[in-house]
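Everything on this sheet refers to the single structure shown next.
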C-alpha cells in the first residue's frame, strides 16, 4: 500500500510539472495547434491592419501580399531558415532581408556573412586584402550588403525594438508598434500597419495630383497611384525644335522625333534622309582642304568651321621638350642632343639617354631595396620587386595556425585552412574555414527511404539510425513477372506481388491489342497425365499448372466499307471482309441522269483520279428515254435516248390559238421557246381586228393582242342634254372619262317650267278630288249611324259628281304633249 501511494504521488507530481512546462514553454509556429488558433490569428491580423483600413474605407485588396507573409508566420512549419533548413521558432533571434523579406536565424546569417566574405577575399593578393569593403549577398535574393551591415543584434521587423518580447497576441518577432517605415518608392509618407513581416503595402493616403502633361485638372487619387495619364496628346516641343510630341500624355521625357527629313552633314557635302531627332551627323569623307601653309591638306573627317593652321607650323619642340625650333612645316624637328631626363616608370629616376623618339626604357639603376616585411635589404635593379623568403610566424584569427606567408607585411589574412573537425552527426567534417569555438550543426540532410525507395523523408544527418522507415503510399515499382512493362497498380509492399489482372495488350496478327486479362500465368487443369490402375484406385485431385494461354480471336469492331462504298459497318476484326449491303448500287451512269439499279457490287476504277460516284464497267447500262426538262413552252419530248448534256433544239410545229382565240396558228417550237416576250406577242397574233367588246359596248379597234383591251374607245356617239332635246357627236372615251357634257338651253328650261306647272295643277286637282271623296264617305258613315234599320243591309251608293278637269283633261293634255314631242 505504501509503495502504491508513493507511486501515485510521484505520478501526480510529474503530471503537474508537465502541465506547467507546457504552459510556460514558448512554442514555435509549428506547435500552435489550439482549437481557437484561427480565431486568434484573425484577431491579430485585424488589429495589425486597423489603421491602414481606416484610411482606405475598409478596402484591404492591397494587403494580400502582406497578409500572405503574416499567415506564413502563424502557420506550422511555414517559416524555415534556408541556411540551416530548420523551423524558425517564436523565441529565436531572427533577421529579415530587406530585399526578399526572407527570415533567417540571426546566428545562421552571421555565419553566412562571415563565410561569404572569406570566400570573396580568399583569392585576393596580400596587397589588396583589407583595402576594399567587399559585400556579402542574401542567401535567397542575392541582395548585397556591406561588411558594416552584417547583423549583430536581434531587432523586430520595423527595427525599433531590440530583442522584442514574445507576445502571444502579436505577430511572432513583432514589437506591436506602428511600422513607420518609408514606402518604396519614397513618397514622403510612412507605413501605417503594426510591425509586420514582408513588404509594406502601397501608400493609402489621398493626394491631389495632375496628369503627366499638366493639362488636366488636379484630381484626388491614392498616393501609390498618383501618377496618371489624361490620354490627351502631349504637345510638348521635341528636341528637334520643330515638331510637337503626338503621343498620349506620358511620364518622363518625350521620345525622339519620329519624322524623317533631308539633312546635310557637318561639312555640307552629302544630303541624306535622317530622323529629325538627330540632325547633326558626320560623313566618312576626309576634309582634304588645303591648309594655309599650302603644303598639307586637312586630315580631319567631316568637321565644321575652318580647318585651322597646319599642325606642323610655328614653334615645335624636340622629343625631350627642352629645345624649340622654328622650321618650315615640310621639315621634321631634329633631336637636340641633350639628355632625355624624363621620369621613368619607377617614379624615382630619370632617363639618362640622349634626346630620342619613342618611349623610354625600363629603369636599370641598382638601388638598395627593403623587402615587404622589412627584415632584409638587397641591392638590385630598380624595376624588380623584392620579396624575401622569410615566413610569417604570427597566429591568424583562428588562434590555431600560423600565417606562414612569405615576406608578410603584418596584415595577415584570415586562416585559409578548412576546419575539418568531425561534426555531431559523426558522418561529416566541418566544411567552414578554420574558426574559433564549436562548429555549427551539420547542415546536411539524409534521405530515409521505404522498401521501394520512392517515399523519402529528410532527416537531419545522424538521425537516420533511429528513425523508422516511412509508410510508403506510392505504387509498387517491382518488375512484373508477365509480359507487361508495368504491374497492376498497388501500393508498395513486402513479399510477392499479386497476380496480374491487367489487359493482355499483346499485338495480334491483325495489329490490335488483346483486351482480355493477362493470361501469361493462367492456372490450367492438367488431365490425362495419371491413369488409374483399376476401379479400386481413388481418383487423385486434379493438378493445375501455370502456363501461358493463346490470345482469343480479335473482337475489336472494325469499320468495314461495303462493296459499293455505301456504308461503313462495324464488324469483328477476325471476320472483317468487304460485303454487300443489299442496296442499289446508285452510281451515276454514263448518261449522267440515272443511277445503277444493281445490288451493291464491286466497281473497278479505270482511272485513279476518277470520281468515286461514277459507274464502272460492272454497272448496268441506261435504256431509258430522255426525261430532261424541256424549255419553257415546249410540249415535245427529246427525240434522243437518255443522254448527257443538253437536248438538241426542238424543230416540231406547235398548234397555237391566237390571242383572240379565233384563229389557229402553226409555229416552230424553237421559235416560240427562244423568243422574248415582245417576239412571242407578235408570233401568236393573227393580225386581225380584236373581236372583244369594250366596257362601253363598242368593239376593240386594235389588232389581235394579249391581255385586256385599251379603254380609249374612239367610236363617235351622240350626246343629248337632260331633256333630250339637244344632241351632238363626241368620242366614246371622252364620255367615259367625263370630259364631254351637253347642257340645256333657255327653250329647254321654258318647256321644263310649263311641264312643271301642268304637273302641279294635276296634283292640286287630285288633292281636291280626294277631299270630296273622303267627305262623301264621311256623310255615308254618319247616315248609317242615324237609325236605319239594322236588318236592312244595303250599300249606300253615293254618286260623286266629276269636276270639269276630270271630264276634259284628256282632251287638253293630248295636244300639249304632241306639240312638245314635235319641238324636241
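Backbone N, Cα and C define each Cβ position, glycine as well.
Annotated in TrEMBL:
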type	residues	note
DOMAIN	187-205	domain 'NF-X1-type'
DOMAIN	240-259	domain 'NF-X1-type'
DOMAIN	293-312	domain 'NF-X1-type'
DOMAIN	346-365	domain 'NF-X1-type'
DOMAIN	373-394	domain 'NF-X1-type'
DOMAIN	398-417	domain 'NF-X1-type'
DOMAIN	425-444	domain 'NF-X1-type'
DOMAIN	482-502	domain 'NF-X1-type'
DOMAIN	591-624	domain 'NF-X1-type'
DOMAIN	634-652	domain 'NF-X1-type'
DOMAIN	696-715	domain 'NF-X1-type'
COILED	744-791	coiled coil
Other parts of the chain folded back onto the domain 'NF-X1-type' (373-394), taken as Cβ under 8 Å at six or more residues beyond its ends: 345-346, 348-349, 362-367, 402-410, 412
Give the nonlocal contacts of the domain 'NF-X1-type' (696-715) in its own chain as ranges (CB under 8 Å, at least six residues past its ends). 658-660, 662-663, 681, 684-690, 731-733, 735-736
Please list, for the domain 'NF-X1-type' (398-417), how many residues fall into helix, strand and coil according to DSSP. 0 helix, 2 strand, 18 coil
Is it possible to list how many residues within the domain 'NF-X1-type' (293-312) are helical, extended or coil according to DSSP? 0 helix, 2 strand, 18 coil
Using DSSP, tally how many residues of the domain 'NF-X1-type' (346-365) sit in helix, strand and coil. 0 helix, 2 strand, 18 coil
